[in-house]
Amino acid sequence: MAYRFIKWFEELRKEDVPLVGGKGANLGEMTNAGIPVPPGFCVTAEAYKYFVENVKISKEDVKRILGEKANKGTIAEVLAQAPDEPRPLQEWIMDIINRTNVDDSKQLQENTAVIRELIKSLDMPAEIADEIKQAYKELSQRFGKDEIYVAVRSSATAEDLPEASFAGQQETYLDVLGADDVIDKVKRCWASLWTARATFYRAKQGFDHSKVYLSAVVQKMVNSEKSGVMFTANPVTNNRNEIMINASWGLGEAVVSGAVTPDEYIVEKGTWKIKEKVIAKKEVMVIRNPETGKGTVTVKVAEYLGPEWVEKQVLTDEQIIEVAKMGQKIEEHYGWPQDIEWAYDKDDGKLYIVQSRPVTTLKETTTEEVEEVEEAEVILKGLGASPGIGAGRVVVIFDASEIDKVKEGDVLVTTMTNPDMVPAMKRAAAIITDEGGRTSHAAIVSRELGIPAVVGTKEATKKLKTGDYVTVDGTRGLVYKGIVKSLVEKKKKEEAAAAPGAAVAAAPLVTGTLVKVNVSMPEVAERAAATGADGVGLLRAEHMILSIGQHPVKFIKEGKEEELVEKLAEGIEKVAAAFYPRPVWYRTLDAPTNEFREMPGGEDEPEERNPMLGWRGIRRGLDQPELLRAEFKAIKKVVEKGYNNIGVMLPLVSHPEQIRKAKEIARSVGLEPHKDVAWGIMIEVPAAAIIIEDLIKEGIDFVSFGTNDLTQYTLAIDRDNERVAKLYDETHPAVLKLIKHVIKVCKRYGVETSICGQAGSDPKMARILVRLGIDSISANPDAVQLIRQVVAQEERKLMLEAARKRLFEEEEEEEEFLF
């Protein structure tokens, strides 16, 4: 049967996120890599889209489904103004959402519940239902049965909404049996796109509700005898030579949800020596519901298996090593440490991989940090998003209007953070959120700021009150009642040990290709410098300028130019000082119009259909020279203090004249390019790559590839467009040919080459760039060490290949001489 709405795992790759979401794409990737993944298929995002756009309902249908609820609140308003003829479900959904104040939790709960009820109550179109039934039948027949147990999981597809950000927001259904039950669970997955939490998150992050879709993964259920999670790099010590395995009895939900304390095993890569075992008391386990034959229940291990199983080692030593080796295989495939869910099936005794995602929380921490604190009371558990210990007075806030309540050293507690809360986050001793995952805003910013954070606690804003005192363990994801002195003392010792000059770190790898770091905020300069990076390949201006809280041009027009200059100079100096004498490349302002428009005073910003192709970068800088002039004045102030390690980097350059005019503005404030500062450009526009020789002749010292934009512009692909995002590929031959051409020409003229796009943090891309002869690679702070290792390995390979080639040539010459 030719399917329109179904994709089998075998048909999918990791690039298919827009089609089947992160979970689905990853399962397809692993299946095709030969990893033992239970087979299955995905009901594509197109099916959800077809459902909401083609199922039409009338006023009477809505009233029949909702009953008394139809006469209350927002839905009553929608019904009163709706036309009499039936219309697509999507229009009903958007009418309800557009009338919803997401900050009114009661209204948000009520309105999203109405949407979910409508989705669950309506019949699935026959064209979709028939395909699901047929695919389920085919899957069952693979195992010689009419029906098999499956898991049905939600998989969000909007590429710019990280999968982890949806943790606990969309649904997962286990031990589903029968085609009709599968169809029901797929609809329930669709409905879970409209939970209050997921809706609030999208609204606060500025995502368009109408463009977020959901895929449903239908996968053969592993009848787990034992299961768990493994990290292919020790997330506590950041040791990439160790694998950490957590294991418990039954289905893996107990481990993932934190309902059980699992066994923990530490395995050394390569030698496969089991370095450590911690056998836990496993009080509960999740199993298939024995009464209904469907779904799951949580039972006590002592009652279900027997008292002796509570403290029994879950995995045999042979199984520990088997799991660890499988983890290493998956890590090698992806080129990055992985967080993997695994299970042993009691029916065939085999190991299966259920899910894998990149580890995002690796940090340098001390082993002391995770010692048990027996006397302390744990009052909340969540995801350890940013390691370390923080303690202080709790301040609960619900939106950015309350950030002034958070004082220096407070513990910030909120539903979820957003960019407007960054000023408060900087002041906080620790951060706790109800929602979010390891790639949520709270997690990313906390890691960059070096502030301990626990996210996804679900109930922090309910359990904690302003004025409470807590201690936050951002490594283990725990929140303790009160100030735990032993943990706070350990933190002080750690800070003392980490202070500049307090200890001599292990000698870093020395590489011919420099490894630099990207810095978004001056506040993280010291931490970024501590990575051992060879300089800053990208210091972003956006955060410093946007943090003034007002449109910068309006700020200048109000006579506050000096204030802006001081603010910028302060930030630039902080980074230049932390890295001196290592180079710091400052990129001039590159914020698109939509970011400016959201600021106070930004009402006159133009409405652009695609701001990334619009008025930004050097284009805007030359049109509004007062802003560029303020940036150059700030740099001059820092240079006059003796910091001669600064470079100016112009974004979105496409013509030599832009370089010439920018230099004129710099000279007008007394800043001399090439003498006071190094002068460079971003290579983001294909035009810049093609005419690189002309740009060099205008006078530049360095170039840096902005691969995010370069890839989009070269391939004519909008990464935010789910229909074409799967075609986005930074390693596309056309992109690599442009990069290779620029590097070749720059070497001829002695111009330094670098990269500061997201690709700089990708091990695969780093290997390619080393072979192309790039001079430096700038990575995100948490990727610097990994990229340095990758660079060192690739350079050694190149030297070995060259030596072997020379040896073979000498042997051939010797043979010719002898014979």
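For all residues, glycine too, the Cβ spot is worked out from N, Cα and C.
For reference, Swiss-Prot has these:
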type	residues	note
ACT_SITE	HIS441	active site, tele-phosphohistidine intermediate
BINDING	ARG540, ARG587, GLU684, GLY706, THR707, ASN708, ASP709	substrate binding site
BINDING	GLU684, ASP709	Mg(2+) binding site
ACT_SITE	CYS756	active site, proton donor
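The record assigns ARG540, ARG587, GLU684, GLY706, THR707, ASN708, ASP709 to the substrate binding site, and the maximum Cα to Cα distance across that set is 16 Å. Close to the recorded substrate site, the chain also has LEU538, ASP590, PRO651, MET682, SER704, PHE705, LEU710, CYS756, GLY757: residues not among ARG540, ARG587, GLU684, GLY706, THR707, ASN708, ASP709 whose Cβ is within 8 Å of the site's Cβ mean position. In the structure shown, the C-beta of THR707 has more C-beta neighbours within 10 angstroms than that of any other entry among the binding-site residues THR707, ASN708. Within 10 Å of the C-beta of ARG540 (substrate binding site) we count 20 further C-beta atoms, all protein chains included. Listed in sequence order, the residues of the same chain lying 6 or more apart from CYS756 (active site, proton donor) and placing their CB within less than 8 Å of its CB are LYS516, ASN518, GLY537, LEU538, TRP585, ARG587, MET682, SER704, PHE705, GLY706, SER778. All protein chains included, GLY706 (substrate binding site) registers 27 other Cβ atoms within 10 Å of its own Cβ. According to its DSSP assignment, the residue listed as 'active site, proton donor' is coil. Summarising the environment of ASP709 (substrate binding site), the number of other Cβ atoms within 10 Å of its Cβ, over all protein chains shown, is 23. When other Cβ atoms within 10 Å of the Cβ of ARG587 (substrate binding site) are tallied across all protein chains shown, the result is 25. Mapped onto three states, the DSSP output places THR707 (substrate binding site) in helix.
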